[in-house]
Structures are given as structure tokens and as C-alpha cells.
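Presented below is the structure to which this report refers.
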Amino acid sequence: MKKLKLHGFNNLTKSLSFCIYDICYAKTAEERDGYIAYIDELYNANRLTEILSETCSIIGANILNIARQDYEPQGASVTILVSEEPMDPKLIDQTEHPGPLPETVVAHLDKSHICVHTYPESHPEGGLCTFRADIEVSTCGVISPLKALNYLIHQLESDIVTIDYRVRGFTRDVNGMKHFIDHEINSIQNFMSEDMKSLYDMVDVNVYQENIFHTKMLLKEFDLKHYMFHTKPEDLTETERQEITAALWKEMREIYYGRNMPAV
């Protein structure tokens, strides 16, 4: 897309929001309580603040204020207010390509608000536990929150991811013409690294004329030992392993498709 010469500030709002799910099987009530306590501590308010602060660096945001809270019995939330520094538009990369990975983050930039809320969950029957993190990165101006996508998904354990990106409002060029988007985008997937795309089955549902983009991701590889909490698959009977695998896959598909499915 050709560089736009704007009249005044870029008034477009770009919002990236996604849910990240981690699924686990805990055989006993004690194991379920243990998983909830483990995941709640792993993603406490302090750890989430570190992740979001690095996100600010990636998208180019100056932190104005941080509000964080751990909840009882579980869960946490962090909200960061951010602002944008004056930046030379020539230095802003608007091309459609993946953002940095955690180990390659060296950028410094800035913007609007970033927030995350966590929801650990379990049920006394069935042994299934889920952890959900809701994240929203919203910016105003030339910087795209999509640059933080790679980093955030790599930082959180992700069996299932649902992502929404939308551009709202308009900005004017020097001739007074309105522009409702200032960068090219065909798919959110174009902002993901190849190694990430190789790990997931993905589907897009996009409404191009409304500047709304949606991608769903489901982890391809399934290894039962990665889903067990304090129980080894080899300590179970073959029938138990098959039943647990079926229950986990059903849970993951229901979350991925957003509807309950009949038992097979």
C-alpha cells in the first residue's frame, strides 16, 4: 500500500483480541486443585505484567499506568494504559509479515491500552481442566498490534487460539479524503512465523469490507503425556488412555468450534 500523507494525527483504531486455551486432565480432586493452583501461580499478575510490558516494547508503546490484581480463589488481570511517542512514519514497518519471537525481541516503540484476564476452570466430574487467557491490544495511529501476535502466543501455553483483528474509524489525508485502513492485510496468518503455522490447523473467517479478520487455531500434534497432571500415561490401562484421549479431543474440538458435540 502506498504511503499516506495524513492531515494531523492518524485516527484509526486497531484492536487485536484473542483467547488462548490450555487443556489438562487431572484424575483426582487433589490433582485438579493442584493444576488450578499451578496455572494460577504460573500466570499471576506479576508474570502477566512482565509479558504485557514486553508487548508494549514490541508494538511501540510508552507505559503510562499499570493496574494489576490477583483474585481469590483464582485468576488475575492486568491493564496497562499506554501512549504513542511522535515517530517518523518512514520507520514504521507496515508490511504483512510475522512479528518477532520472544528470544529476538529488540524493538522499542509505543500506544492506547493492553489488558489480560485469566480464567482457570475445572469440573468435579470428568477430570478436565482448562485455562483461558483473554488478551486485548488496542492502538491508535500507525503502529499495528499484530506485531505482538507471535510473542504473545509463544509466551502462553496454547492448545487452542481464537484471534480477532479489526480496524475502526477513519483518518484523512492532506486532500481531505477519508481512509478506513492504512495497511494491507489478507489474513492474520500472514503475521505468524512459519514454525507457528506448522504447529496448528487454522481457519480464517474474514469480512474484508468491514476490516474485520478472524482466525482460529487448533494444535495439530497430540501427545497424551503433555495433557496429564501428575499422572503418567504408562500408569493407566489402555482403555483408560483411550477414554481420556477421547475426552480431551472432544473438549478441544468443542472449544475450537464453539459448540457442544455429542459423545462418540
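Every residue, even glycine, has its Cβ placed from backbone N, Cα and C.
Predicted, not measured: the structure shown is a model, and the values here were computed from it.
Taken verbatim from Swiss-Prot:
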- S112: active site, schiff-base intermediate with substrate (ACT_SITE)
- H117: active site, proton acceptor (ACT_SITE)
- C140: active site, proton donor (ACT_SITE)
- S112: pyruvic acid (Ser) (MOD_RES)
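DSSP assigns S112 (active site, schiff-base intermediate with substrate) to coil, not to a helix or a strand. Taking all protein chains in view, 17 other C-beta atoms sit within 10 angstroms of the C-beta of H117 (active site, proton acceptor). In the shown protein chains, 21 other C-beta atoms lie within 10 A of the C-beta of C140 (active site, proton donor). Taking the Cα atom of each, S112 (active site, schiff-base intermediate with substrate) and the residue listed as 'active site, proton donor' are about 6 angstrom apart.
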